[in-house]
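According to Swiss-Prot, the feature signal peptide maps to 1-21, an assignment based on experimental evidence. What Swiss-Prot lists as disulfide bond is CYS24-CYS41, CYS34-CYS62, CYS47-CYS51, CYS66-CYS77, CYS78-CYS83, and the listing cites similarity to another entry.
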Amino acid sequence: MKTLLLTLVVVTIVCLDLGDSLICYMGPKTPRTCPRGQNLCYTKTWCDAFCSSRGKVVELGCAATCPIAKSYEDVTCCSTDNCNPFPVRPRPHP
């Protein structure tokens, strides 16, 4: 009986693939499971022509390695579930 129980536990762990699936935000309220091998979440921000009125452009996603920031970008990476939430933007004052 103990052998059967142990076998069921092992099969469950293998089938669930525990610890291998990271969840990252892909948009403001859009968490998704990352593809296998992509074990980092990233947040990339930069200014475009509308930065003064709309704020920075934000890109969220999964990556195997942290993206290298270009000179005009800010990039942060993390490795826990939902660790890259959409940045909160201050509201403009009228």
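Using the three backbone atoms N, Cα and C, a Cβ is placed for every residue, glycine included.
Feature map: Swiss-Prot annotations on the structure.
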residue	record	contacts (Cβ under 8 Å, 6+ apart)
CYS24	disulfide bond	PRO31, ARG32, CYS34, CYS41, TYR42, LEU60, GLY61, CYS62, ASP81, ASN82, CYS83, ASN84
CYS47	disulfide bond	LYS56, VAL57, TYR72
CYS51	disulfide bond	VAL57
CYS66	disulfide bond	LEU40, TYR42, VAL75, CYS77
CYS78	disulfide bond	LEU40, CYS41, TYR42, ASN84
Out of CYS34, CYS62, CYS83, the listed disulfide-bonded residues, fewest other Cβ atoms within 10 Å surround the Cβ of CYS83
Rank the disulfide-bonded residues CYS41, CYS77 by the number of other Cβ atoms within 10 Å of each Cβ and report the first-ranked residue.
-> CYS41
Local backbone state of CYS66 (disulfide bond), from DSSP in three classes | coil
